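I have placed the structure first, in the form of structure tokens, so that the comments after it can refer back to it.
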Amino acid sequence: MFELTGRKALVTGASGAIGGAIARVLHAQGAIVGLHGTQMKNWRHWQLSLETGSSCSRLIWPIETKSRRLVRERKPILKASTSWSTNAGITKDGLFLHMADPDWDIVLEVNLTAMFRLTREITQQMIRRRNGRIINVTSVAGAIGNPGQTNYCASKAGMIGFSKSWRRRSTRNITVNCVAPGFIESAMTDKLNHKQKEKIMVAIPIHRMGTGTEVASAVAYLASDHAAYVTGQTIHVNGGMAMI
């Protein structure tokens, strides 16, 4: 697919369907991968899901409070990371007028503020090396909105704005891009009933949900030398649900 041999990548949100797929695809292309996840209880499963001899590192700390520690501790994969993919995200859905402050705050904290803190830290390492790939996984919801998800949509739209703004400022061969998935097969979509899934399919011209691997392929492209001249962009992986 895209040659990444010898590259070092840090993937947050690796316990989720998309983050996990990104870790596997980057590793399959030769990258040394560091994982961050808050719910990675089955670590043995992760070791077995990657190829024998994996150089995958286990990095599990609360992302919203330990960003400086995560990067600055003596973890070679972090200090030498050439690619950085943020996928950590949560939802706390509710009607806007009834949304409680804590539900707004926690979604913005995990989805947007933690990404800001960690990117600020890891970019310092990239600037010193004059090389880096920052890939923020946002959502189609950040571009078109979604009823009952004011907090989530705001956080994902914020990621896009953050990436564009940082790209305007960043130099030294550092690219900053977003990948915006639509409906992707995951534990979350598995909970939808048949009627809910039918309603979703009507809005997707390809008439199916995407896979984590399809999102991961876009991330692998942006992490590779093939995308060296691509920056400040958002790649939409949504089956035509939103043609932006």
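Even glycines carry a Cβ here, placed using N, Cα and C.
The active site, proton acceptor feature in Swiss-Prot is assigned to Tyr152. What Swiss-Prot lists as NAD(+) binding site is 11-35, and the listing cites similarity to another entry. As annotated by Swiss-Prot, substrate binding site applies to Ser139.
Within 10 Å of Tyr152 (active site, proton acceptor), judged by CA to CA distance, lie the following binding-site residues from the set Ser15, Ala31, Ser139: Ser139. Of the listed binding-site residues, namely Val11, Ser15, Gly19, Ala23, Leu35, the sparsest Cβ surroundings within 10 Å are found at Ser15. Its Cβ placed at the centre, Ala31 (NAD(+) binding site) has 27 other Cβ atoms within 10 Å. Mapped onto three states, the DSSP output places His27 (NAD(+) binding site) in helix. Recorded residues Val11 (NAD(+) binding site) and Ser139 (substrate binding site) have their alpha carbons 17 Å apart, per Cα-Cα distance. A distance of 25 Å separates the Cα atom of Ala31 (NAD(+) binding site) from that of the residue listed as 'substrate binding site'.
The CA atom of Leu35 (NAD(+) binding site) is located 21 Å away from the CA atom of Ser139 (substrate binding site).
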